[in-house]
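Everything below concerns the one structure shown next.
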Amino acid sequence: MNFKELASTYKTPLYIYDLDYMSAQYKELKEAFKGRKSIMAYAIKSNSNLSVIKHFAELGSGADCVSIGEVRRAFLAGIPSYKIIFSGVGKSDDEIREAIQKDILYINVESEAELGRVELIAKELNSVCRISIRVNPNIDPLTHPYISTGLHDNKFGVEIDAAKRMYIRANNSEYLDPVGIHFHIGSQLTELEPIYESAAIVADMVRSLQSIKIELKFFDVGGGLGVKYNNETTIKPYDYAQAIFSTLKGLDLTIICEPGRFLTANAGYFLTKVLYEKQNGSKRFVVVDGAMNDLLRPSLYKAYHKIEPITESKSELSQADVVGPVCESGDFFAKECMLPTLEHNDLLVVHSAGAYGFGMGSNYNTRGRSAEVALKGGKAKLIRRREEFEDLIALEKEFLE
Ligand SMILES: *Cc1c(COP(=O)(O)O)cnc(C)c1O
């Protein structure tokens with residue numbers, strides 16, 4: 001990849017996405033589910049650029065959305081309504097209403113109270129809303145606490161017993177059609193066992209619903225497949241699918257999978273330019289033009305991202321913290337990273353930046369968000385222009401008087 005050329009054409013900081021890599025990941029995962037009916041519902045929050053969503057739409061993907069804004073993006077990018085799922089722990093009445101009107105595949109309900117709201121709104125609209133219920137199987141996904149979602153002490157989903165009551169209620173309602181069951185136990189999963197255990201619990205639940213004549217069609221296994229940021233061992237898509245298949249004996253269900261990071265993380269690069277080197281006592285800092293407002297994961301999760309320097313420098317490597325210009329001590333991309341001596345305008349490539357990168361960005365410190373560029377068949381194309389100062393003040397300026 002010619003990062004120098006991309007930097008000179010599009011300036012820095014810059015996000016670059018390799019769409020061909022995303023295709024390869026998508027095809028590998030879809031292929032793994034061969035032998036059963038399946039829909040890959042791309043988790044839009046991992047990278048919500050319209051051109052990226054459109055790319056997945058063209059591959060036949062559906063979409064998993066966690067706000068009505070994401071649902072609207074999915075429609076705009078050409079994902080068919082019957083492949084769109086709306087998840088999330090707190091949907092507003094307006095969001096529920098619009099999702100029902102748009103006739104998406106189903107709303108993933110996350111509490112008894114929410115089931116009541118969905119029923120009421122469907123009744124007001126005189127329609128029937130397809131739903132699925134997010135079950136919390138209480139399995140430890142063995143990952144970082146901020147990205148685990150399948151334990152009772154966090155906010156996601158409902159317990160098995162509550163879910164059963166909800167299915168019975170939904171089945172008896174004129175306005176609700178329970179079609180699916182859902183679990184999503186966390187993100188960046190690198191162990192197969194918790195996924196298998198969760199699937200087994202949820203599959204048993206499907207059987208117990210069958211025994212009371214509630215027939216579901218969709219078995220939604222969520223997303224969460226981990227990727228390599230550093231030297232993690234990851235789950236092979238084939239093994240993942242086989243583990244899920246093994247829990248579904250005797251059940252004829254369409255599997256819905258909601259991959260996000262798996263499709264996008266390692267397709268993305270964040271390109272940033274060196275501004276200065278500085279030394280505070282024995283500590284070496286490399287100050288770059290990108291910052292935590294562009295890529296938050298290192299600050300938020302202490303996440304590791306590989307950093308590759310592009311420089312003529314042949315100097316010896318030494319430890320440095322790579323930091324941005326934002327006024328926060330937490331504004332860093334790497335700590336104690338081995339780097340050569342760098343010059344003004346040398347480039348650093350931050351790897352694995354395609355998921356939860358741009359989307360978690362902000363305008364903190366009145367910094368415009370980066371441009372985004374997509375690569376396909378070796379060709380680069382701008383897919384979001386860099387935010388200018390005028391963009392940042394547009395919604396405030398009229399109130400100055
Ligand atoms: C975030 C999320 C996903 C995607 O998670 P990844 O770790 O990016 O695969 C899928 N489903 C739901 C419900 C989510 O909240």
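Just so you know, glycine gets a Cβ as well, placed from its N, Cα and C.
Source: prediction; values computed, not measured.
Substrate is bound by R297, Y301, E328, Y356 in TrEMBL, and the record lists one more residue there from R169, R207, R261, which is R261.
Record check, TrEMBL: pyridoxal 5'-phosphate site residues include E258, P259, G260, R261, Y356, and the candidate from G186, G224, G324 also listed there is G224.
On a Cα basis, Y356 (pyridoxal 5'-phosphate binding site) lies 7 Å away from K45 (N6-(pyridoxal phosphate)lysine).
With a cut-off of 6 Å between Cβ and the nearest atom of ligand 1, the binding-site residues G224, E258, P259, R261, Y356 reduce to G224, E258, P259, R261. Counting only same-chain residues six or more apart in sequence, the Cβ atoms lying under 8 angstroms from the Cβ of G260 (pyridoxal 5'-phosphate binding site) belong to Y42, A43, I44, K45, S46, N47, D64, S187, G223, A355, Y356. A Cα-Cα distance of 19 Å separates P259 (pyridoxal 5'-phosphate binding site) from R297 (substrate binding site). Between the binding-site residues Y301, Y356, the minimum number of other C-beta atoms within 10 Å of a residue's C-beta occurs at Y301.
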